[in-house]
Amino acid sequence: MTDTTYDNSTELDPRIAARLKRDAKGLVAAVIQQYDTREVLMVGYMNDEALRRTLTTGRVTFWSRSRQEYWRKGDTSGHVQYVKGVSLDCDGDALLVEVDQVGAACHTGKRSCFLEGGPLPVVEGHRPAEQ
């Protein structure tokens with residue numbers, strides 16, 4: 001928790017904006033996680049304005065790469081994401097958005113977008129025994 005006060009009232013505070021490492025289209029990945037269970041629900045993308053709206057409205061706003069417009073999860077489905085916290089990773093190229101998810105997070109109707117795709121085959125790694 002920080003005691004720094006930011007002004008995101010009309011645009012993303014320049015001190016926050018300066019910490020972001022955006023892709024070529026000006027976007028940062030946002031990992032959406034249920035705040036109390038830590039379940040990973042989905043990944044979306046935010047530009048500066050989507051992040052500003054997320055930080056100031058209590059609802060998650062994304063930038064739709066396919067529709068080229070802002071969208072708030074739940075405006076049409078009722079499956080709202082209420083913001084509980086937002087963190088920036090150490091490289092500045094990803095956000096962790098903790099939410100209280102109402103209903104399904106995935107457009108398929110599943111709670112998590114990571115249920116439909118399913119697990120991929122892996123060779124499981126093991127930590128060496130301590131000596």
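Note that Cβ sites are derived from N, Cα and C of the backbone, with glycine treated the same way.
Per Swiss-Prot, the feature Mg(2+) binding site maps to Asp89, Asp91, Asp93; the stated evidence is sequence analysis. Residues annotated as Zn(2+) binding site in Swiss-Prot: Cys90, Cys106, Cys113.
Where Swiss-Prot records a feature, it is marked here on the structure.
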residue: Asp89; record: Mg(2+) binding site; DSSP (3 states): coil
residue: Cys106; record: Zn(2+) binding site; DSSP (3 states): coil
residue: Cys113; record: Zn(2+) binding site; DSSP (3 states): helix
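A Cβ within 8 Å of the Cβ centre of Asp89, Asp91, Asp93, the residues given for Mg(2+), is found for these other residues of the same chain: Lys21, Leu88, Cys90, Gly92, Ala94. Counting other Cβ atoms within 10 Å of each Cβ, the lowest count among the binding-site residues Asp89, Asp91 belongs to Asp91. Remark: of the binding-site residues Cys90, Cys106, Cys113, the most isolated position is Cys90 (fewest other Cβ atoms within 10 Å of its Cβ).
Cβ contacts within 10 Å of Asp93 (Mg(2+) binding site), excluding its own Cβ and spanning all protein chains shown: 14. Cα spacing between Cys113 (Zn(2+) binding site) and Asp93 (Mg(2+) binding site): 21 Å, rounded to the nearest whole number.
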